[in-house]
Structure formats: structure tokens, C-alpha cells
Amino acid sequence: MIDSHCHLDFDAFDEDRKQVIERARNKGVERIVIPGVASANWQNLIQLCEREPRLEFALGLHPWFLAQFQPSDLSLLDDMLNQYKGKVKAVGEIGLDYGGTVNISQEQQEEIFCAQLELAQQHELPVIVHHRKSHHRILHCLKTTGFAQSGVIHAFSGSIEQAQAYLNRGFKLGIGGTITYPRASKTRQTVAALPAAAILLETDAPDMPVNGRQGQRNSPEYLDEVLQALAEIRQESATELERQSDENSRLLFGLS
């Protein structure tokens, strides 16, 4: 299995990161994609992926971490994308969060998001996109920037109509622990109707714990629980869904 979105570089894993990786591999998780969230953590992320085989990285500026944003961060991102060409798998995690927890304006968020879309376009890389109450503006930014690369909408939880709008632009949808909760009926209905070619399995560890593990640190070793929930919702073979999701991740991120 490929965990297409896991923050294994976060402090929550500092005490037992190697053991987490080993347990995940014992559960069948062979590859993990780790998005960058702030310029201050990019070098540590890259060093982690250079030490540990089968870990892949993306670089980006996440909206939650934009309070300390400097215009030079975009120049640095451009430089890093050049320096690590062929190794960096995407620009991300980037996006728009209109949930009221981000300390900069929506206009500033959109400016930084669009700038990163343009960098991804220049470097011919996919994007990993965070959303919160912002689907309409994400789609607007994709259109106005002329973004023509692919990408994944991380932790997708929208309607089938919203899903289709992204699929029409060649995007995939990241599906994680949310679908393990029976109360997430809208998302489960959407996931049941998606083409399998649109789905990327993800954990978002250490966040977004699966049902039954609320309050615990999430981990890539629990990716199989997301897979089993997906198979149940779609009434399809878990083996086939795993194969399809892995193929989708390989195609999107250029994994061998």
C-alpha cells in the first residue's frame, strides 16, 4: 500500500519514528508521501526521506503556517524545486482554509496559493491541496492561473458535484479516516460513487484518527483500516482497491 499523505516528519513521531515506519511496513505500507508545510521544516523533511528508503517528499506552504510567511519563502521554494528536481514529488501541502483558524486574510491566502500553483506549473509537478470551506475558490484559482498539471484534493469531504469538478480538471481525491465514521454519511455516499481511478488512500497521520482510535495519535500503520472501510462502502474487493489506489499514487507522483 501507499500512504499518499502522512506528516511523518512532525514532532509527534520524534520518539518512535523508526518503529512507526517498521510497523507500517509490517502492515503492508510500502511507500509514504510526506508533504512539507512550512519553509522551516523542508530541510529536516528532505533529510528524513534521504535516510529512510521508500519515503517520498513534497514541498509547500500550508495555509495553517502562513503567519510567519515572507515573500522570500516563494523564492526559496522555487530554488528547492530546482535543487531537488526528480526527487521532490509534488508542490504541497498548499491550499485555502476559510474555517477561521488561519491568521491571514483570504486574499493573502489566495495570493500565496496561486503563486504556488504557478510554481508547480513551471516545474511540471502535481499539487497536494488542503481545503476547508473553500472548494469554490480553489476551483477559481485553478482556472485563473491556468493550472494544467494534476493534483490531489487532500482529505476530500465534499459532494459528488464538487468531486466531479475536480475530476474534470484531472485531479485525484485523497480519502482517509473520515470514511471510517458512520456519521460521515455525505462523504461516504460520495466515495461510493467515485471512479476507482480517482481515489488515493491516505492517513494524514498524526491527525485524522480512524473510528475507534479517537484521541490517539494517528499512524500510517492504520492505513489498512481506511482501505477496509472503503471496500465495505463500495462493496468491492479490498485487494483490487488497494491495487488501484497504489497505481493512482504512482501515476500522480511519478513513483517507480
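The backbone N, Cα and C atoms fix where each Cβ goes, glycine too.
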Inset, instruction - From Asp73, Asp204, Asp224, grab the residue that TrEMBL records in the same divalent metal cation 1 site as His5, His7, Glu93. - result: Asp204
Inset, instruction - Please report how many Å separate the Cα atom of His154 (divalent metal cation 2 binding site) from that of His5 (divalent metal cation 1 binding site), as a whole number. - result: 8
Legend entry - Cβ-centroid neighbourhood (8 Å) of the divalent metal cation 1 site, His5, His7, Glu93, Asp204 excluded: Cys6, Ile34, Pro35, Ile128, His154, Ala155, Glu202, Ala205, Asp207
Inset, instruction - Whole-number Å only: compute the distance from the Cα of Glu93 (divalent metal cation 1 binding site) to the Cα of His130 (divalent metal cation 2 binding site). - result: 7
